[in-house]
Amino acid sequence: MAEGGAADLDTQRSDIATLLKTSLRKGDTWYLVDSRWFKQWKKYVGFDSWDKYQMGDQNVYPGPIDNSGLLKDGDAQSLKEHLIDELDYILLPTEGWNKLVSWYTLMEGQEPIARKVVEQGMFVKHCKVEVYLTELKLCENGNMNNVVTRRFSKADTIDTIEKEIRKIFSIPDEKETRLWNKYMSNTFEPLNKPDSTIQDAGLYQGQVLVIEQKNEDGTWPRGPSTPKSPGASNFSTLPKISPSSLSNNYNNMNNRNVKNSNYCLPSYTAYKNYDYSEPGRNNEQPGLCGLSNLGNTCFMNSAIQCLSNTPPLTEYFLNDKYQEELNFDNPLGMRGEIAKSYAELIKQMWSGKFSYVTPRAFKTQVGRFAPQFSGYQQQDCQELLAFLLDGLHEDLNRIRKKPYIQLKDADGRPDKVVAEEAWENHLKRNDSIIVDIFHGLFKSTLVCPECAKISVTFDPFCYLTLPLPMKKERTLEVYLVRMDPLTKPMQYKVVVPKIGNILDLCTALSALSGIPADKMIVTDIYNHRFHRIFAMDENLSSIMERDDIYVFEININRTEDTEHVIIPVCLREKFRHSSYTHHTGSSLFGQPFLMAVPRNNTEDKLYNLLLLRMCRYVKISTETEETEGSLHCCKDQNINGNGPNGIHEEGSPSEMETDEPDDESSQDQELPSENENSQSEDSVGGDNDSENGLCTEDTCKGQLTGHKKRLFTFQFNNLGNTDINYIKDDTRHIRFDDRQLRLDERSFLALDWDPDLKKRYFDENAAEDFEKHESVEYKPPKKPFVKLKDCIELFTTKEKLGAEDPWYCPNCKEHQQATKKLDLWSLPPVLVVHLKRFSYSRYMRDKLDTLVDFPINDLDMSEFLINPNAGPCRYNLIAVSNHYGGMGGGHYTAFAKNKDDGKWYYFDDSSVSTASEDQIVSKAAYVLFYQRQDTFSGTGFFPLDRETKGASAATGIPLESDEDSNDNDNDIENENCMHTN
């Protein structure tokens, strides 16, 4: 066992490694741990092989578990938004959490962040830790201004919520109550089933719940309510009565809605139980219907508005054509549930009766079949669109039994033949309204770099994901700590290559500061310690936006100077009485620093160098302290000297107390007496002889350099928790030889301060003070826009596959980094274009805010079609999904063109407003919907002639000439663009 009764480090490492592999089980409790603390713990216990050299090193001791980085300020349980598993936090089962707390305790004032495991999915069940709880606003019917916020798990029941509300508002147990959902415009819906979970009930983030108490005369303040279905009852908490009397009580209620100027109760049909218009607004323009935000569901609202304003798809659902094609038996589908739910929603939105609807039932259905969308976290609009298009396709697939098809390579055959074959094969398994409207065909060409094997395939697509020209640079904020100890750190903003290394950062900082790049050391400081000390060749991608990057000036040549060593130094405050079960009796404070010192040094010289390095914020009293004696420290003579830290290296306490007066030394400052704190040459001022840092009589005997007291003691740490014997025996790292202290690159130094001395002499405000360089105010110049066609050209540019995504060459029988080229063969009636604005890496997430200039009308795609029979292929924009904000979060809206009046509108959740074309092109544009011009004929026209299906899209040969189709506008199509009809 380790110190304080904690398990030894090998046991800790083994236990936690095993518990991290624990399977999730519904109902279990797991705990969040800040990933930065956990990484520090991994270093301390040597969890990973590359951290073994730091195992047991007190300089990387993690201290109490600190989850403050996960929490919003001032709230012990409210998590910051958009935290990501493993990047921001680690999940531990209860046993693992309890072990860590027993070994390290939890930071004072913090509470455990416990979360339940919930089950998600309808057919394919899987468990997930519910990191973000659902925040509900609770109030009483008689006083809705007094709102209390509480957080619940999606696994909690309505009964659990009701009990909590009763407790909050001190409602007696015998008092009969019932619960209501309160929506916008004072619209209410009763919660009927006490055993329903929050997830089943579809309660969303920020939902207002109202508890209503029954009047003394037996009536309800809100009046009676209508059950959803025969036999259903409103959720009420009643005194103990028989089931029969309970049934009679509700059966005697009037089946009517109660409405007044303040509220209305809805009728309970499929959507009407929660979809409302504002009172008095029942004659809306069809399609101009907003969607209520259920809590971070703007991504869904934006996607739905774009699909809703896709004329051929909406006409298909409004005309009930979907009912004939529902596929309930498709194993890849959702038993028709997604299609039916979407159809009901579209009918509500286009009924002209509502100014907005609440898509709660649709959201619930999506979450059942796609658990990643079941919560109320911000999601990607394009990812939801991909799911909806695929889900609708499978629910409406006209193919009831999919045949097995052997895919063939081109093997030198003409593109026209291979394309026709590929499209026919696709239609044998996939034939739906989604295929009719959204599917196109592209050509993929792979070339092996070894044997020159060429592989050509034709593959269908539902949308185009277009890359944007990547930003080649990023800005980083760093703090430069100069050698001059009197100079405050300075904050800089540097522009560095996005795919660069630490040397690039130093070079950029050198241009601003004048300090040579080779005289810089870049570090990441976290929780008062060095989290990382970077090598010059490390990638900048490992630096995240939230990291505190400090760059230290070191005036030595690290490759040639053999006389000096760079030592990391951290500051610790001693505890007089530690209540921690496993702690060294100290806690870190202040900012650590790096300094270069001679390899051969005396303890006294090192102490003096350290004191001078901190002279800006360590204030020495100028009053003589007769009772303690004095140690004189020259205020200025050792600053800006010839040493690697801007100070002289020759001074020692005895040398500095010279009898030869000068103008500088006459300003001597006094330190307290050292007689109580002198160090033996073996202990180096360590903790081994006295827990409070004071030497015993034996260790101090014969080692006094005068009646002087030091402000701090210091302790060296290397591969482990260094003790006296280790220092004496292991001459590879630290040793004494004729009272000389030997150091090397593996040495770490901790300065231990007595709390009283720290309070008296250490100025924390001065230590944390810094200045700002003018570069901090730098704003990058406006980036020039790119055209949509530039993105399409980039999409069709030849590229080399990455090492992590090779292609298996059938000739070489090996995976190769082949060259790949994509080309467009045929395009669908509605072209969905996804602008790839978000980029991901192991350490960084980023959003590209490049302005893409896309045409509203007359997007000519003909030049990008390699089909030799392709003719004119022009598109008009019909909808745009917008994303405002950064990578971690933001807001989605939509622009869409109404199919009935041909005007543009702006959809922002429940709000709908008119828009002009000059508003549409912006940096926020994320997903574009284009409809081909030859599919417009009147209002929402789209031909669905089942007789014309075949390989025409693949071949590019029109089924009939324009002259043949003059008699029937419904047959006009440019088959060179269209793939099936």
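Note: Cβ is positioned from N, Cα and C throughout, glycine not excepted.
Here is what Swiss-Prot says about this protein:
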- Cys298: active site, nucleophile (ACT_SITE)
- His891: active site, proton acceptor (ACT_SITE)
- 226-237: compositional bias 'Polar residues' (COMPBIAS)
- 289-933: domain 'USP' (DOMAIN)
- Ala2: N-acetylalanine (MOD_RES)
- Thr226: phosphothreonine (MOD_RES)
- Ser229: phosphoserine (MOD_RES)
- Ser242: phosphoserine (MOD_RES)
- Thr602: phosphothreonine (MOD_RES)
- Ser961: phosphoserine (MOD_RES)
- Ser965: phosphoserine (MOD_RES)
- 2-223: region 'Mediates interaction with SART3' (REGION)
- 216-237: region 'Disordered' (REGION)
- 629-694: region 'Disordered' (REGION)
- 952-981: region 'Disordered' (REGION)
Three-class DSSP secondary structure - Thr602 (phosphothreonine): coil
Integer average pLDDT (0 to 100) for the domain 'USP' (289-933): 78
Cα-Cα distance linking Cys298 (active site, nucleophile) and His891 (active site, proton acceptor), given in Å to the nearest integer: 6
Active-site residues compared (Cys298, His891) - the one with the fewest other Cβ atoms within 10 Å: His891
Between Thr602 (phosphothreonine) and the residue listed as 'active site, nucleophile', the C-alpha gap once rounded to whole angstrom: 66
Thr602 (phosphothreonine) CB neighbourhood, other CB atoms within 10 A: 19
